[in-house]
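Only one structure is covered here, and it is reproduced in the block below.
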């Protein structure tokens with residue numbers, strides 16, 4: 001049985017630091033239902049490392065994954081601030097405004113900003 005898309009966490013990012021992130025669209029093959037998720041970690045040296053981890057996990061659940069682009073996230077949990085910026089060389093720049101909207105659903109009491117700055 002295919003898992004419900006709503007059970008997939010919208011955001012999985014490291015609790016602190018600056019790291020690469022990608023915006024991924026999940027879709028049920030042949031279905032209308034879709035969900036955009038944010039994944040980021042310091043463990044990933046390149047953006048595709050994140051996708052290579054997420055993709056098989058989601059395929060197991062019966063979803064197709066498409067990377068919508070990437071960037072960087074600077075997460076300061078002490079000050080409750082998140083900054084989204086930069087881009088992915090391989091996947092292009094994610095729509096950071098979309099990423100911010102998703103982050104706001106999870107980090108409701110944070111100040112979350114984005115820019116097209118490289119650093």
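Placement of Cβ uses the backbone N, Cα and C atoms for every residue, glycine included.
As written in TrEMBL, here are the features:
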type     : residues : note
ACT_SITE : 47       : active site, proton acceptor
BINDING  : 20       : substrate binding site
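Residue pair the residue listed as 'active site, proton acceptor' / the residue listed as 'substrate binding site' shows a Cα separation of 6 Å.
For the recorded positions 20, 47, the largest tally of other C-beta atoms within 10 A is found at 47.
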